[in-house]
Amino acid sequence: MNFFIKNCKLDKEKTDCIVVPVFDLCELSHSACYLDKCSNGYITSLIKLGDIQGKIGDTLILYKVPKIFSKRILLVGCGKKDEINKVRFKKIFKNTINILKKLSIKNIIYSFSELNINNIYWMTRVAVLSIKEFLYKVMKINNTNVDNINIDYIILDISKKHDLFIAKIALKHALAIDYAITSAKNLSNLPPNICNPLYLSSKAKELAEKYKNNIVVEVIDIKKMKELGMNAYVAVGDGAKNKPFMSVIKYSGNNIINNKTIAFVGKGLTFDSGGISIKPSFNMHEMKYDMCGAAAVYGILIMAAELNLPLKIIGILSGCENMPGGYAFRPGDVLTTMSGKTVEILNTDAEGRLVLCDSLTYLERFSPNVVIDIATLTGACVTALGESVSGLFSNNQELANQLLHASEETDDKIWSLPLFEEYQKKIISNIADFSNVGQGQAGAITAACFLSKFTEKYNWAHLDIAGTAWKSGKNGGSTGRPVELLCQFLLNQSNYIYS
Ligand code: BES
Ligand code: MN
Ligand code: ZN
């Protein structure tokens, strides 16, 4: 399915359907008004019958409208014109897609450019990303995947010619971001017997193949990890037959604007059984999603390469499997991490921070200016913030502000939590430098405090996506979050600002 940006002569376009907004109290949008005039008031005459009010959720299909070359017009209720925001805009698109899916339609014009969500850049971007989101389907593991839709192309009608340039940039960005989100979702939705740490590393290597000029990949296997002293990472992988692999993806754009390196680390537990501190069996299968952080990193590197962002980026996929067994690490063990700091294991299910601490120390060799880790780290974060907001932790307020700004722009919500001294004390151990579990409450914060001990050499932020990375249940699956937020962060770093 393709998207086009065009300044349309709406009555003369020969498509299967033109979609136009109608506002509350039957107020016609400019495009609806234009079609109404061309058809000698046909639309107003139908609206007078009272079948559509213009509220969000209202829709009405018109066939064979006089003097209009397209086969159908779909009127879509958009509510009050001055109350439209991104959330409502997305809902409006969901309604149209649900209708269009059921009809035999091959091409569509959306004439929505007068809907004011900031500007034409955001109108276009949100439109494309919403359509893509509502058409996404989880891939079945049985070779019967059929295309979800029979739509060949969608034209976004831009009513003002001088907006065409920005709209085309927005489309380009949206397609790259969608590719990133879809790639992250597809990877995360795979079962853990297919998507294991080795598989993650093979996906990383594919990127080096595909983006030869800009991406180099190095894979650190267990032997190399041991040489490097990554004993915490290795310990987590010890119980599993599927050995750990850490993939280091190095991206460099063609016209880099500065020599700063931005690094991302994704928790890539392709399955987290809890290890010897084994998890209850209820919903344990969902721990295949414990690699969503790594999948997000994989996604954002795809976006960077697709748009050839003028940046230097390093993405680490910390692939590992946490299993019980005769070779597994134990509660009570004391591990010496790559940093030299020692950790007493109180619970083998607090494994994410162990894999991450060595990955974060490994990153020091690249002298990164900024490091962001993304992890389904704690159930406590879900208790604190629920399922629609990710946790943000940082040792640098400017970096935190940049992430909060990107979050607001994309509506991919995050919220700051503190790293006060009072919490830092909770991870002190009497036998080692730290324990891997914090005493008492505030588990999301004590986990972040643990990571903060390994990130003192650079500006660092941590996103706990335990609540937001996937939706439970039969119709659930990976959400692709926080890919859009991080893509926006990178676009802002590249000085591509259109808002
Ligand atoms: N991957 C889990 C966190 C998690 C749990 C994410 C549920 C999403 C839903 C993590 O490895 C874990 O098990 N954390 C423990 C830490 C505890 C043992 C200190 C947790 O949150 O219970
Ligand atoms: Mn765990
Ligand atoms: Zn985990």
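Please read every residue number as a count from 1 along the shown chain.
The backbone N, Cα and C atoms fix where each Cβ goes, glycine too.
The Mn(2+) 2 site in TrEMBL is built from Lys267, Asp272, Asp290 plus one of Glu206, Glu209, Glu351, namely Glu351. The secondary structure of Lys279 (active site), as reduced to three states from DSSP, is coil rather than helix or strand. Among the recorded positions Lys267, Asp272, Lys279, Asp290, the ones whose Cα is located within 10 Å of the Cα of Arg353 (active site) are Lys267. Sparsest Cβ environment among the binding-site residues Asp272, Asp290, Asp349, Glu351 (other Cβ atoms counted within 10 Å): Asp349. The domain 'Cytosol aminopeptidase' (347-354): residue composition by secondary structure is 3 helix, 0 strand, 5 coil, according to DSSP. Summary: among the recorded positions (Lys267, Lys279, Arg353), the fewest other C-beta atoms within 10 A of the C-beta are counted at Lys279.
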